[in-house]
Amino acid sequence: MGDVIPTGAPRQGELPVEYREASADELDERIRAAKAALGDRVVVLGHFYQREEVIRHADYVGDSYQLANAALEHPQTEAIVFCGVHFMAETADMLSRPEQAVILPNLAAGCSMADMADIDQVEEAWEQLAEVYGDMDTPDADGLVPVIPVTYMNSSAAIKGFVGRHGGIVCTSSNARTVLEWAFARGRRVLFFPDQHLGRNTAKAMGIPLEQMPMWNPRKPLGGSTEGELDDARVILWHGFCSVHRRFTVDQVDQARAEHPGVRVIVHPECPMDVVDAADESGSTDYIRRAIEGTTEPTTFAIGTEVNLVQRLAADNPQHTVFCLDPVVCPCSTMYRIHPGYLAWVLEGLVDGEVRNRIAVAQDVADPARVALERMLAAKPPEAPASDWQFAS
Ligand code: SF4
């Protein structure tokens, strides 16, 4: 409530009063009853960042990559109810069979970071880069094109489609380095969007100097750089960020170390570079989960990621002390829009034969976006062999 809904984000109609006024217990019971009535006809997927009242109804819990995989593994279900944000439901739609309905319980559950890379701005940036670099499609004497576009999974289907059409690739927070290596084998530079922090942290770990990572601000001519800077660039970073992970600071890391000697600090690579540098480790949500669960000695962990996940990790691992680096806890406000009332509403709709809030990606966008996703899988992400994935046509 009260947070800004990005321009262009889908709007959700008002939830019927019976769901708005139902108690938490009643909604819990109605969700259970609807799921029981639907049986194998539906699978409910829940992102790590969802609140507990939603997660308890999920058949699968994971990050966006794992949940996309879970969608693939259920080709027999009529509906996939995706308790996450809009770009995740779009990806599930592109990976599922055409007759399966992917449902986002609240259409206003977007991702503020994904919304920062608008397709019109990206097309405009590409045209400006073509004026600097010349022919974008023809490789030079070394077999390299001027720029390979790379997009984080946290982007719209339109951006994934753009990337697919221009010889580019998708990455996740688990495989960003592998994907950048793939891109540098094909291009002189990378245009990375939407998350500047994941791009910067990954490129820095690969030894690329900060001076060769100019930021592209879509509101400025040439993104705010000179032609010389763009010529020298290795990674052009789109001006995007995650409002949740941007909150973490080096002061919080220092305070955790002062108050908890021996603390192990792990942060997500969407955090700013100085925070990643100050931490002991950085990695995806699944990396953080495995790091905590895989530690046998009782340990104190200070974690820099979304608070719902941190609280769940703390509850599931009572042998450790696990706390969020940010003392003023801040959930992902867009994930939080998946209230149990919306989940009950879409599930009871399915029981009544009505598909509510279906997410459907147009074929002309989905086809090139799938190409970009397939390139990522062929680049062999470290946590899932490519053979785990097959694309529905
Ligand atoms: S945590 Fe950040 S990147 Fe993830 S869904 Fe929320 S706003 Fe988007």
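Using N, Cα and C of the backbone, Cβ positions are placed for all residues, glycine too.
Just so it is clear, the model here is predicted, and its values are computed rather than measured.
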Please identify which of THR138, THR249, THR285 is recorded by TrEMBL as part of the iminosuccinate site containing HIS47, SER64, TYR152, MET153, ASN154, SER173, HIS268, PRO269, GLU270.
THR285
Whole-number Å value for how far CYS332 ([4Fe-4S] cluster binding site) lies from HIS47 (iminosuccinate binding site) (Cα to Cα):
11
Using a 10 angstroms cut-off on Cβ to Cβ distances, just flag whichever of TYR152, CYS242, HIS268 is the loneliest among these binding-site residues.
CYS242
Which residues of the same chain, at least 6 positions away in sequence, have a Cβ lying under 8 Å from the Cβ of ASN154 (iminosuccinate binding site)?
SER64, PHE87, CYS111, MET113, ALA114, PRO194, ASP195, CYS242
Filtering HIS47, CYS111, TYR152, HIS268 (binding-site residues) by proximity to ligand 1: which pass a Cβ cutoff of under 6 Å to any of its atoms?
CYS111
